[in-house]
Amino acid sequence: HTGSVGLALIIWVLGGGVAALGSLCYAELGVTIPKSGGDYSYVTEIFGGLAGFLLLWSAVLIMYPTSLAVIALTFSNYVLQPVFPNCIPPYNASRILSMVCLLLLTWVNSSSVRWATRIQDIFTAGKLLALALIITVGFIQIFKGNYEELTPSKAFNFWMTPSVGHLALAFLQGSFAFSGWNFLNYVTEELVDPRRNLPRAIFISIPLVTFVYTFTNIAYFTAMSPQELLSSNAVAVTFGEKLLGYFSWVMPVSVALSTFGGINGYLFTSSRLCFSGAREGHLPSLLAMIHVKHCTPIPALLVCCLATLIIMLVGDTYTLINYVSFINYLCYGVTIIGLIVLRWKKPKIFRPIKVNLLIPVTYLAFWAFLLIFSIYSEPVVCGVGLIIILTGVPVFFLGVYWRNKPKCVNRLTESVTCWGQKLCFVVYPQDGVAEEDEVPAARSHLPRCLVPQA
């Protein structure tokens, strides 16, 4: 979308800068409203139930399932690329492998929180090692004098003149790669000392990720022309084949490991979002339940898995990224507007972190530019995104606001909840995620018909 190497690299750096501004705002919100659920919890607290539900609805229906589907499809493309070196992997093969990966990680997250976090640690380390290899090889290429595409005269030689709408789309695509900077806000209640560790994680991760993304792309351009990069189905594989020779197999393996960890991270946080929504009464109570022994939100994980499987079967990657990036940015902006509203409504509330107001204002200025020109450039994609969000309005009034439902509806809901408990061995938590010794006490929250029998 940028039409040149130089402008593409600038977009990568600016994408990291914008994520940094947003994450500083989220650091303040995370320690001021210390609830799991991230954007959803903050918007519900500040703007009320309907706004929070619409954010939750769009996240559960499109944002998280779409992100999971895109990363799972990327995983399968890189795993299958060595098997189909001269063509795009078959549609059915990539879908089936993506589904197997998703189901495996759903089982892991259902079985143990410790396993899920260990997988995240190990695969994040593997991901950074692979990226470090790419960057190192790129620097070696530069020292050898292979940086023609990066010289100013060539880097800003436009093969197309980008419009403002094209630049907005470039930011949308780039911002998808930075999504995840607010993940810890979804599990605030499970963090050790969040007031110290939440901002620390943000201050370390955003600069690191921006550096890695930018220099990885610089490394790519030492070995590939822009046309080669754009035509490649798996850029890291093409890079490895050109420069690593016999060790080119390292690239598809590394990217597969990286995306495997990414799927795990999205499953972990999206299930906590469902969990938080159900605990507030905005989703069926079954989704607020945890396994009696493993203390994992199995019903929420199964819903996230099912929604992702459906999305995986119906959409193509490029359109999916545009959908999710637009809705993501819409939600980010509303949340950061909430920070300013909270400053006005509750000026004396205790804020362990308090950012300068210039930070949210700068973020919102960029946010408004991005949304306006995205709607101008891709009115259909953005229109569908808005329609998806607004479909939550009747659902909210029928499912949440309408309290005096007919008895038959309540009986059906209780029946589904009871069956769900029996199938998943789940129980209501007390507050947040229960520890194993809290489970007996948590049972007291259940109606008599819903207490799991020994």
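Placed from the backbone N, Cα and C atoms, the Cβ positions cover glycine too.
For 1-20, the entry in TrEMBL reads signal peptide.
Per TrEMBL, transmembrane segment is recorded for 6-27 (among others).
Per TrEMBL, transmembrane segment is recorded for 47-73 (among others).
The transmembrane segment annotation in TrEMBL covers 93-110 (among others).
Sequence annotations record features per position, and here TrEMBL assigns transmembrane segment to 122-143 (among others).
Marked as transmembrane segment by TrEMBL: 163-181 (among others).
Sequence-distant contacts of the transmembrane segment (202-223) (same chain, at least 6 residues past either end, Cβ-Cβ under 8 Å): 5, 8-9, 12-13, 15-17, 19-20, 23-24, 26-27, 128, 131, 134-135, 137-139, 141-142, 146-147, 149-150, 177-178, 181, 184, 229, 235, 239, 242-243. Under the heading transmembrane segment, TrEMBL lists 202-223 (among others).
Here TrEMBL flags 243-269 (among others) as transmembrane segment.
Among the features that TrEMBL reports, transmembrane segment is placed at 290-314 (among others).
As annotated by TrEMBL, transmembrane segment applies to 320-343 (among others).
Panel annotation: around the transmembrane segment (355-377), residues 18, 21-22, 24-25, 27-28, 163-169, 171-172, 326, 329-330, 332-333, 336-337, 339-340, 343, 383 of the same chain, lying at least six beyond its termini, place a Cβ under 8 Å from a Cβ of the stretch. Here TrEMBL flags 355-377 (among others) as transmembrane segment.
The transmembrane segment feature in TrEMBL is assigned to 383-402 (among others).
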Under 8 Å, at least three CB pairs between the transmembrane segment (47-73) and the transmembrane segment (6-27) (pairs 6 or more apart)?
no
May I ask which of the stretches 6-27, 122-143, 320-343 has the most CB pairs under 8 A with the transmembrane segment (163-181)?
6-27
Between the transmembrane segment (243-269) and the stretches 93-110, 122-143, 290-314, 383-402, work out which stretch tops the count of Cβ pairs under 8 Å.
122-143
